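Trainee: Take a look at this one; I'll ask things after.
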């Protein structure tokens with residue numbers, strides 16, 4: 001567009017020049033005005049071109065700066081948005097996964113605990129049912145046996161008493177008849193028959209007594225055998241139940257150990273995974289930090305470039321101001337000249353007027369041209385108004401940058417404050433959750449322990465109660481048997497006493513009255529012998545049945561009373577016989593021969609009866625000796641049975657004690673074996689974990705160093721490439737700006753030269769023409785100088801040639817030139833407005849990009865916050881699991897120590913256990929202090945990684961002595977060395 005304008009201006013210039021040449025030198029004023037007009041137009045065109053180029057370059061520079069700023073803001077916003085989105089996603093996923101895993105682990109633990117408790121309850125219920133069934137069976141069998149024995153004994157007693165009553169009822173009338181018919185000789189044959197019956201009855205009673213003694217002995221042996229069998233069965237059942245319980249507990253312990261090992265391996269895998277995640281996140285954080293550092297450096301470089309561009313822009317604006325002022329002045333002059341050119345062209349179309357009128361008109365035109373500049377009301381553009389928007393834009397740009405910086409700093413401060421608050425809140429929540437979890441685990445462990453201990457005590461009490469009941473039942477049975485034995489002895493003695501009474505009664509009836517005095521002595525002697533035989537039995541019975549001794553004495557006294565009544569009854573007929581002696585003597589005197597004969601017969605009969613009595617005495621003595629022997633045998637038998645029973649009781653007591661000792665010894669052996677196995681497993685696990693920890697730490701350190709080196713190299717290369725690119729771009733931009741400035745300076749220097757030439761020409765023309773006019777119109781000289789600048793070389797070169805040309809060059813009308821200039825000005829204004837709109841659009845885009853960058857920064861900060869939160873949660877979860885495991889092991893050791901302390905002879909705890917518990921407690925305190933320090937003074941990603949490694953490597957280290965350093969893993973590394981390596 002500028003070239004077209006220049007061509008048009010040059011064409012018009014040639015036309016004006018030809019016109020002036022055609023006119024000749026007659027009228028130098030008419031020659032001068034078109035040339036000045038052409039020169040002014042050329043100058044205006046050049047100035048507009050320069051101003052347009054400067055404006056375009058300034059707009060381009062501002063657009064490039066704005067584009068760089070917007071690109072920087074876009075990059076920052078994108079980075080912030082990406083980081084925030086990643087943080088949000090990872091935080092949400094990690095929190096959901098952690099919560100789900102935690103819930104699943106708790107549900108699995110709860111199900112396992114419920115299953116174990118249900119199994120233990122079912123086992124205890126089955127054991128109780130079995131023991132109750134056994135007790136019921138044993139009690140039923142024992143009750144049946146006791147009932148059968150008691151029925152048999154009652155039947156025997158009833159049969160024996162019936163027989164005795166029958167015998168007494170049959171013998172008492174017979175003895176009464178014998179006592180009444182004793183002195184008559186007719187009763188002799190019946191008396192012998194009755195004697196035989198009595199003897200037979202005595203033999204039958206003896207046989208029954210022997211049979212009863214044999215039955216008693218047999219039943220006692222059967223009862224003893226059944227008792228032994230029952231005790232043996234109960235002992236075997238107890239041993240079997242104890243062995244089954246031990247086996248079941250061992251199986252449970254193995255299952256629990258396997259489950260704990262599986263859980264431990266799973267937790268170790270989870271810890272490794274979390275360590276990998278932490279390392280990956282640490283790398284991401286380091287990359288983001290490096291990227292943020294790069295962006296900061298780039299922002300600093302861009303700020304420097306922006307300052308330089310602003311300085312250059314200010315310089316360009318100052319030059320543009322100057323040129324704009326000149327252009328405004330030239331435009332004003334051109335407008336004035338256009339106003340005065342129109343009447344000149346009208347006059348030139350008409351006929352020529354006289355020189356005076358032309359000169360007058362020229363003077364009038366000059367006066368009119370001077371008058372606007374002499375007018376004080378001429379509107380001049382103030383430099384303040386011109387320079388005002390530029391300073392305002394500068395101020396607005398500086399205010400915007402300061403506002404952006406302040407806003408960015410405030411956002412950073414807010415983000416830091418929010419992260420600190422969230423960290424504190426998370427710490428508080430984590431501490432509360434840890435305390436709640438520890439309390440819940442402790443309560444659950446205590447409840448399980450108390451339930452298991454209560455079940456164990458219940459089982460022990462039930463077993464002891466069963467043993468005591470069996471003992472009491474056996475003792476009661478023994479006492480009942482002894483009482484039955486004593487009752488049988490008493491009945492035997494009573495039967496013997498009755499036999500002796502019968503013998504006495506027989507002797508009293510059959511022996512001569514002379515021997516009536518000897519019979520009481522014999523009876524007394526027999527009674528003494530019976531009492532002697534009775535005394536050891538009573539002595540045996542008294543210690544065995546002390547509570548029933550008075551009853552036995554009452555029975556004996558009643559029996560003695562009955563025996564004394566019978567003796568009195570027997571003595572009464574004897575006394576009556578003594579009272580009948582006087583009538584017998586009178587009869588004997590009357591019948592002497594009959595008496596003699598009867599005496600002889602009596603003597604013979606007496607001798608025969610004496611022989612029979614002697615035989616009977618011998619038989620009775622044999623019977624008495626046999627009875628005594630039987631009594632001695634029974635006494636020996638009873639003593640032997642008593643000793644045997646006592647010996648068996650002692651043996652059962654000893655066996656029970658031995659069984660208890662064996663059970664305790666086996667339990668102690670099992671506990672020792674378990675402790676040894678646990679210690680061996682712990683040592684092996686410690687060694688294995690130490691080796692794995694050292695090896696994995698070395699590998700991790702090496703890998704971390706290699707990764708750090710690779711990342712440093714990569715970052716260095718990226719920084720170098722970025723620096724080279726930015727330097728190349730800056731060099732290109734600076735080179736282009738320098739070229740533009742050099743071109744502008746060259747153009748300005750050319751313009752200045754042209755202006756000087758024009759001024760010189762105007763001065764020369766003014767000195768030649770009208771010194772008065774030039775003196776009156778200093779502004780017009782300036783106009784001529786400006787026009788001379790524009791028409792420097794070519795106008796002067798073409799003037800001699802144009803002088804020779806004819807005058808038809810008047811066809812080039814200045815109205816067309818004016819319209820073209822107006823069109824050019826309008827186009828320039830439209831372009832300026834378009835550029836302003838583009839600048840407004842760029843500002844709007846810049847504002848949107850700044851908002852996007854702010855949102856991206858907020859997202860990145862939120863993502864970093866979420867990552868920190870996740871890391872803290874993972875660290876706390878690992879600590880809680882390690883603490884729970886330590887507490888579980890401490891509780892197990894305490895329970896084992898309590899169990900061993902409850903055993904007899906094992907009350908004192910071993911020093912090894914005490915030392916182990918002390919070490920574990922110190923280790924737990926150290927870890928709690930470490931966690932508190934981390935909660936109070938968190939020192940970034942390095943401390944998080946270090947604490948995670950500490951917890952992961954020292955999870956199973958239970959036997960190593962506690963060191964004063966809070967964080968060493970076992971490889972001798974310190975926190976400073978690790979941070980230096982990182």
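Keep in mind that glycine also has a Cβ here, set from the backbone N, Cα and C atoms.
Any TrEMBL annotation is an automated prediction that lacks curation.
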Trainee: Which is it, of 11-56, 195-240, that TrEMBL names as coiled coil?
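Mentor: TrEMBL lists coiled coil for residues 195-240.
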Trainee: Between 662-681, 682-701, 702-721, which stretch does TrEMBL give the note region 'Disordered'?
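Mentor: Checked against TrEMBL: region 'Disordered' maps to 682-701.
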Trainee: Choose the correct range: of 605-659, 770-824, 825-879, which one does TrEMBL annotate as region 'Disordered'? Give that range.
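Mentor: Result: 770-824 is the stretch TrEMBL calls region 'Disordered'.
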Trainee: Write down the single range among 292-333, 334-375, 880-921 that appears in TrEMBL as coiled coil.
Mentor: 292-333
Trainee: Please list the DSSP helix, strand and coil residue counts for the compositional bias 'Basic and acidic residues' (682-694).
Mentor: 13 helix, 0 strand, 0 coil
Trainee: What mean pLDDT score does the coiled coil (292-333) have in the model?
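Mentor: The average pLDDT of the model in the coiled coil (292-333) works out to 76.
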